[in-house]
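Step one of this worksheet: look at the structure below.
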Amino acid sequence: MSQISRGLENVFIKTTSLTYIDGENGILRYGGYDIEDLVEHTSFEEVVHLMLYGDLPTKLQLQRLKSALDEAYEVPQQVIDMIYSLPRDSDAVGMMETAFSALSSIYGMPWNKATNRDNAVKLVARASTVVANVLRAKEGKKPAIPEPSESFAKSFLKASFSRTPTEEEVKAMDAALILYADHEVPASTTAALVTSSTLSDIYSCVVAALAALKGPLHGGAAEEAFKQFVEIGEPDMTESWFKRKIIEGKSRLMGFGHRVYKTYDPRAKIFKKYAKVISERNSDARKYFEIAQKLEELGVETFGAKHIYPNTDFYSGVVFYALGFPVYMFTSLFALSRTLGWTAHVIEYVEDQHRLIRPRALYVGPLKRDVVPIELRG
Ligand code: CMC
C-alpha cells in the first residue's frame, strides 16, 4: 500500500538556496546569513536583492534596485478603484487577493529567465501600494501611492498613514519586513509553487499564496495571537485566562508551536526585542507587551516539554499595533513581506527545477457500483 504523508510532513518538494531552517536549534538563515545579522545590519531592499539576485548588493546594485522599486509603486487606476469599490468591512487579505487578481490580468506574462527577477521586484513594490491602500480604503481615506524615500519601509508607512514616520518606526517596520520575507515552503509558498508548476503567471502564484496564508493556522495567527492579549485585557488577568482558556478549555495558544521549530522560533526573539522598544511610547501597546510576556512564560512552562514555543506571530502583532496598524491588517503586512519569498521560490522552481506538481490520492471508496435509475432509488 502507498504511503500517505499527512500534511506533507517531511516531504521535500524542491531544493533551495534561499532559506535554511534548523528547527532543532532555532536557526534561520537567508542565503547563508543569520536572520539576526540581516535584521541588524541590512535593510529590506538589501534582502530583496539577496533573495532575487543571489547576494547582498553592492552600493551601486542597491541604488539600482531602489530605483526599480520606486518606479514600480504606481499601479493602474483600475486596481486602486477595485480596492476602494469593495465594502469597507471586507477582509483585508481578500482585498489583496482581488487586487492581485486584477494585477495578474494586467501584468501576468509568460516566464522569461531574462525578466523574471526584475518582474518580481516590481511585484513587491506593487504589493506595498496594494497593502497601503487596503488599509486606507478600510479606514475611509483617499488613495495614496508610496513615494520614493530613503527606504521601502518608510515609503510604505508614509503612504499608509499620511505622516512621516519616526526613525524608530521605520526600523521596526523594516525589521518586520525582513523577518517575514521568507520561510522556506510553508502552506502559502507551497500553494504558490503548485500554481507556478502549471506555468501560470507570477501574480496568480501570489493570489494562490494569499488564499493559503489567510488561515488562522498560518499567516492569520498573528491576528489571533494579538486578539488573545486584547481578550485578557490586563496583565494581572493573564494567569486566570490561561488556566480557563488553554488548560481547562483546551484551546490552542495562538502564536505558539511550529511544524519545523522544536524550540524558540528565532524570529519570535527578534520581534520581542522590537516589540519592547516600539511599545514604550504607547501605553496600550506596552500593556499588550506585558500580557504577551506573561503569556509566553505560562506557555513555555506548560508546553515547552512538548517542544511548543513562541513562533514568529506571537510578538509581531505588538510591533504592528504600536506602529498604528489595526489588528485586521496584520496578515496583510505579513503578506507584503512574504511576496518576496513567494516570488523568489517560484522563480527558483520554474527556472531550475520545473515539473508539474500532480500528486495522487489513494482511492478508498466503493470499488464498482451499478447506477440505479433515479425513479427506482426511492
Ligand atoms: N497550543 C497548544 N497545543 C498545541 C499548539 C498550541 N499552539 N500547537 C501544537 N499543539 C499540540 C497539539 O494539540 C498536539 O498535541 P497532541 O499530540 O497531544 O494531540 C501536538 O501539539 C501536535 O500538534 P499538531 O497540530 O499536530 O502539529 P503541527 O505540526 O501541525 O502544528 C501548528 C503546527 C502551527 C499548526 C500548531 O502549532 C498550531 O496550531 N499553532 C497555533 C497557530 C499558530 O500560531 N500558527 C502560526 C505558525 S508559524 C507562522 C506561520 O506559519 O504563519
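A Cβ is built for glycine as well, from the same backbone N, Cα and C atoms used for every other residue.
The active site annotation in TrEMBL covers H258, D313. Annotation source TrEMBL lists acetyl-CoA binding site at R252, L253, G255, F256. As annotated by TrEMBL, transmembrane segment applies to 314-336.
Here the features listed in TrEMBL are placed on the structure.
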| residue | record | CB count, 10 Å |
| --- | --- | --- |
| R252 | acetyl-CoA binding site | 15 |
| L253 | acetyl-CoA binding site | 21 |
| G255 | acetyl-CoA binding site | 28 |
| F256 | acetyl-CoA binding site | 23 |
| H258 | active site | 22 |
| D313 | active site | 29 |
Using Cα positions only, nearest of the recorded positions to D313 (active site) (R252, G255, F256, H258): G255
Alpha-carbon spacing, R252 (acetyl-CoA binding site) to H258 (active site), which is rounded to whole Å: 12
